[in-house]
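Engineer: Below you'll find the structure I mean.
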Amino acid sequence: MSVDVQRITDFIWYVNSIWMLPIQIFSAIYILQKHLGLGALAALVTTLMVMACNYPLTRLQRNYQSDIMNAKDDRMKATSEILKNMKILKLQAWDNQFLNKVKTLRKKEYDCLWKSLRLQDFTTFILWGAPSLISVVTFVTCMLMGVKLTAGAVLSALATFQMLQSPIFGLPDLLSALVQSKVSADRIASYLQQSETQKDAVEYCSNDHTEFSVEIENGAFSWEPESSRPTLDDIELKVKSGMKVAICGAVGSGKSSLPSSILGEIQKLKGTVRVSGKQAYVPQSPWILSGTIRDNILFGSIYESEKYERTVKACALIKDFELFSNGDLTEIGERGINMSGGQKQRIQIARAVYQNADIYLLDDPFSAVDAHTGRELFEDCLMGILKDKTVLYVTHQVEFLPAADLILVMQNGRVMQAGKFEELLKQNIGFEVLTQCDSEHNISTENKKKEAKLVQDEETEKGVIGKEVYLTYLTTVKGGLLVPFIILAQSCFQMLQIASNYWMAWTAPPTAESIPKLGMGRILLVYALLAAGSSLCVLARTILVAIGGLSTAETFFSRMLCSIFRAPMSYFDSTPTGRILNRASTDQSVLDLEMAVKLGWCAFSIIQIVGTIFVMSQVAWQVCVIFIPVAVACVFYQRYYTPTERELSRMSGVERAPILHHFAESLAGATTIRAFDQRDRFISSNLVLIDSHSRPWFHVASAMEWLSFRLNLLSHFVFAFSLVLLVTLPEGVINPSIAGLGVTYGLSLNVLQATVIWNICNAENKMISVERILQHSKIPSEAPLVIDDQRPLDNWPNVGSIVFRDLQVRYAEHFPAVLKNITCAFPGGKKIGVVGRTGSGKSTLIQALFRIVEPSHGTIVIDNVDITKIGLHDLRSRLGIIPQDNALFDGTIRLNLDPLAQYTDREIWEALDKCQLGDVIRAKDEKLDATVVENGENWSVGQRQLVCLGRVLLKKSNILVLDEATASVDSATDGVIQKIINQEFKDRTVVTIAHRIHTVIESDLVLVLSDGRIAEFDSPAKLLQREDSFFSKLIKEYSLRSNHFAGSNDLLS
C-alpha cells in the first residue's frame, strides 16, 4: 500500500528512458560508422554484449527485490501488530522481546538489501565502465583493420562516447527502478487476484416476496473451506419480521459465526441464505473510526436532530457526552483509544440504530457495559426504539433471554436447542447451565476524561532542511570517514576520464598523412590503462556508497525503533499508527535504497560539471566569462525553485500517512462497512485522500519541468557562446585537437547543468525522509527499564501488599486529575474488588500500578518498595494481568503463551489443561504449534481470553490484576476462570476491576471509586450493612433485575 505503490510511481520518471536509450545507442553507432567505417561494428557488438550481460543480472536483481519486499512485508506486518497491541506488551513486560523480533526481521531484510546492493554495485561497475570499454575495443579494432585514427575521427568518436555516457551511466538506476516496479506491480496484481467474498452467498429479496426477514436452509459454513469440519453445519433458521432472536452458547460454539453467515462474510459450503431488508451490524470487538463521536454515529448519513437525539438517548450516551468538554463533537482517538469499552460499544450500537435498518445483527452488545446501562440499552434500545425491527443478538447474559421470541443454543457449530426461554428450561437438557447463578452483570467500564486534543497533527519542519540533518546523516557511520574517500574515488574517476580523452586528442595525428607522435599501440595501451583505472575508481566508489548508505540506514532504523518502543503510552494514544508505519516503510525504504545514491549523485554531478568547465576553460579561458553570469542565474533558479519543491514534498509526505491510516481502518472494519453497504463511500473517501496526496506531488513534477526548461536554455546559450568563441579565435591560438575536445565536453554541458540542480533538489527532497525519521528517533522516553542500584529482590513481591499514599494521576500536565488523593492499602494475599461508575478512575488505578501512566503526586508501595524508584521491567515482569483486550499475536499457541520461551512443554500443557484449553489444542494437528493468525481471528473471543489466563498461570505472580477480564465470555467460561483463579491464586493478591456481581461479593475487600476519589473501602459484608452505601445500591439494582428469573429457575428444580 505504501512502498509498492511508491515504487511504481517513482518509475514514471524513468519511462522515457526506456525508448530513448536504444535510439541514442543506435544513433551513436550510425555516427561512428560515418567516421570509423567498419570499426563501428566493434562498438555495436561490444554495446550489445554489455547489454546482454545485464539480462541475467536484471533477473537476479528481480529475485533479490522480491526477497526484499517479502522481508519488508514480514517486518511491517509485525510492526503493525505490535503498534496496535503496544499497551499489552508494556503491561506484560514483553516490549524487549518483541523489539528483538522486529530486529530479527530487519536483519533478514538487511541481508536481502545487502545482496541487492552488491549486485547493483557490480552492475554499475559494468555499465559505468562500458563507455571506456567500448571506446578501447573500437579504437583497437580500427587499428587492427587499418582504419586511420585521425584527430577528427578520434574526437568525433570521443564526442559520441561522451554523448552515450549519460544514458549508460543512468542505466543502473533505470534497471533498478524497472526491476523494483515490476516486482511491486506483480505483488499488487497477486493481491488483486486473491479470492473475494462470495457474491452469491446471500440472496436478497424484497419484503413482498417472503414473510421471513432471515432464512437459512440446510446451511453449512466454514472460515477455513479446506477444513474437513465446517464451522457451522446443518443450520435451519427462519426469522419473521419483528422477531427478537437470542443466540447463546459456550465459547467456540459458533455464536458469532451465525451472524457472519447472514452477512455473507463466512464461506458458504452449501445451503441457501435469504435476507429481506436493509441490514445493520454491531461486531463483538468495537470498531470505531478516528473522528468525532457524531461522525461515528451518523456513519455517512444526514444529520437529523430529532432522530439523532432519540438514538443517543436509547443508547444511553447522554451522560457520557456530558463527561466531554465538546460533547458528541469530541474527537475519538485511533481505534477509540480514549474511550472505554462500554462507550465504544454504545457508540457502534447507536451507529446501527441511526441507520434505521430492517434487520439488526448484534454480536454480544451488552458485554462491555455496566448493569444499569445494560438494562437501559435492552429496554430503551432493543425493546424500545427497535421494537418493530428484526433483531438477532448474541449474548451470554441470561437476563436478556426471556424477552426473546426465539432462543438458539449453539454447540459445536450446530443449533442444539431452539425455542422460548420457558420452553428451553423445561427441556432440562443442558440449557440451565447458562442460567446458573446469573450474577454476571457488568458494573462499569472506564473512561479517561481529557480536555485537550487527543490525536496530534503531524509535526512538520518548515523552511530549509537544517544542516544538522545532513551532518547527522553523513557522520552517522564512522564519523563520516567514508565521505572523503567516496569523493576522492569519484574525483579520480573524473580525472582519469579527462586524462584518457586528453591523451587521445593530443596524440592522434591531425590528418591521415601526418605521422603520429607515438606508436598507435602505445597510444591505445596508455588509453586502456587510464580507462581501466577510471573503472576501478567507479567500483571503489559504488562499494563505499553501498556500505555507508546501508549502514547509515540500519543505524537510523535501530534508533527510531528503540525510540518508538521506549515511548510512553501517551505517544501511541496521540499518534496514528499509519503515521508511524509510514516512517517505518516509505521513509525507511528511501534510506535503504535511495538516500546515499541521491547524495552521491549530487557530488558526482558537481565533480563532472567542474571537470567539464575545467576542460573548456583550458581550451579558451574566455569561456569562464560566460560561466559567471550563467552560474549566478542557475543559483537564482535553484534558490527560487528549491523552497517550493521542498515544501510541496513535505506536504506530499504528510498527506501520505492519512491514506495508510484510512486504509488500515477500512480494513479493520471491512465487515461493518459491507454490512452497512458503505463501500462506495469509503472508496470515495480513499480517493479524496489520494487526490490530496497527488496534488502536491503533481506540482513537484511540474516545478521540476519548469526548472529543467530554464536550465536547458542556459546550457544551450553557454554552448553556443563557446562555439562562436572557438570559431572566431585567430588560427594557431589553440590546438585544433584540444579545441575539438573542448567542444566534445561542451556537448554534455546542458545535461550536466540540469543534472546538478536536479540532483541537489532530489537529494533535499529525499532528505525529508531522514528529517522525519530523526523526529521519531527523539521521542521522550519512559522511565528506565532497569535501574541497577534499585533492583528488587528476586522473590519480590513475596507478600503482595499494595499501599497507595496520596496518589494523584493526570494524563498530561494540562489535563485534569483522573485520580485524586487516593490513600488505601491492599493487604497481601487478599482479593480486592474495584468498582465504580464510568469515569471513576478504575482502569487508571491499574495503569498507575503498572506505571503506564506516572503519578503526578504521591506513591505506590508494593512490599515496602516504592515502585517509582525501580525499573519498569522489574515492576511489570513481577506483576500478572489479564487485560480487557484479549490480544493474540500472529504465530503459534506456544508463542502466545510463552513469548519469552521460559517454560517447558509440560508446564505449558499443565496451564492449558487448567484453563480448559488442553483438549482443544490437542485436537489440532500442530498441537502447541497450532496457528494463530493476526489478532487471533481464528480463535473465538472466549478462547483468546482463556489463553490470556494461561499466560498468568505460567507466570505465577504473587499479584494478579483482572481488568474486566471476563466481560466478553459466557457465564460458564467466566465460572471456569473464577474457579481457576480462586484455586491457583488462593494465597495471592488478586485485584479485580469488577464487571460481574459475584466476583465482587466474593472479594475480601471492595474499593468503590467515584470521580477519581475513594468513595468506600471495606469488606462486602460491612458495605452491605450500610443501606446508603454505593455498593448496596449496586446490589439492590442487580437484585431488582434478577427477581423475574426466580420463577423460571424454580422450573428446573
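Backbone N, Cα and C atoms are what each Cβ position is placed from, and that goes for glycine too.
Just lifted these from Swiss-Prot, have a look:
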type: DOMAIN; residues: 1-180; note: domain 'ABC transmembrane type-1 1'
type: TRANSMEM; residues: 11-31; note: transmembrane segment
type: TRANSMEM; residues: 36-56; note: transmembrane segment
type: TRANSMEM; residues: 125-145; note: transmembrane segment
type: TRANSMEM; residues: 151-171; note: transmembrane segment
type: DOMAIN; residues: 214-437; note: domain 'ABC transporter 1'
type: BINDING; residues: Gly249, Ala250, Val251, Gly252, Ser253, Gly254, Lys255, Ser256; note: ATP 1 binding site
type: TRANSMEM; residues: 481-503; note: transmembrane segment
type: TRANSMEM; residues: 523-543; note: transmembrane segment
type: TRANSMEM; residues: 595-615; note: transmembrane segment
type: TRANSMEM; residues: 714-734; note: transmembrane segment
type: TRANSMEM; residues: 738-758; note: transmembrane segment
type: DOMAIN; residues: 804-1036; note: domain 'ABC transporter 2'
Engineer: Could you check if the transmembrane segment (523-543) is in contact with the transmembrane segment (125-145), meaning 3+ Cβ pairs under 8 Å among residue pairs at least 6 apart in sequence?
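Structural biologist: Stretch pair touches.
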Engineer: Hey, which bits of the same chain come close to the transmembrane segment (11-31), Cβ under 8 Å, at least six residues off its ends?
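Structural biologist: Sequence-distant neighbours of the transmembrane segment (11-31): 40, 43-44, 47, 156, 160-161, 163-164, 167, 170-171, 173-174, 177-178, 180-181.
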Engineer: Which sequence-distant residues neighbour the transmembrane segment (125-145)? Criterion: at least 6 residues beyond either end, Cβ under 8 Å.
Structural biologist: 32, 36-43, 46-47, 50, 53-54, 57, 154, 157-158, 161-162, 164-165, 168-169, 171-172, 497, 500, 504, 520-521, 524, 527-528, 531-532, 534-535, 538-539, 542
Engineer: Restricting to the same chain and to sequence separations of six or more, state which residues have a Cβ under 8 Å from that of Gly252 (ATP 1 binding site).
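Structural biologist: Val920, Trp939, Ser940, Gly942, Gln943 - these are the non-local Cβ neighbours of Gly252 (ATP 1 binding site), listed in sequence order.
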Engineer: Counting only residues 6+ away from its ends, which parts of the chain sit with a Cβ under 8 Å from the transmembrane segment (36-56)?
Structural biologist: 25, 28-30, 123, 126-127, 130, 133-134, 137-142, 145, 147, 153, 157, 171, 175
Engineer: Within its own chain, what residues at least 6 apart in sequence put their Cβ under 8 Å from the Cβ of Lys255 (ATP 1 binding site), listed in sequence order?
Structural biologist: Ile247, Cys248, Gly249, Asp363, Asp364, Val394, Met410
Engineer: For the domain 'ABC transporter 2' (804-1036), report the average pLDDT of the model, please.
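Structural biologist: That stretch averages a pLDDT of 84.
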Engineer: Quick one: what's DSSP say for Gly249 (ATP 1 binding site), helix, strand or coil?
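Structural biologist: In the DSSP reduction, Gly249 (ATP 1 binding site) maps to strand.
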Engineer: Suppose we draw a 10 Å sphere around the Cβ of Ala250 (ATP 1 binding site). How many other Cβ atoms does it contain, all chains included?
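Structural biologist: If we count other Cβ atoms within 10 Å of Ala250 (ATP 1 binding site), we arrive at 23.
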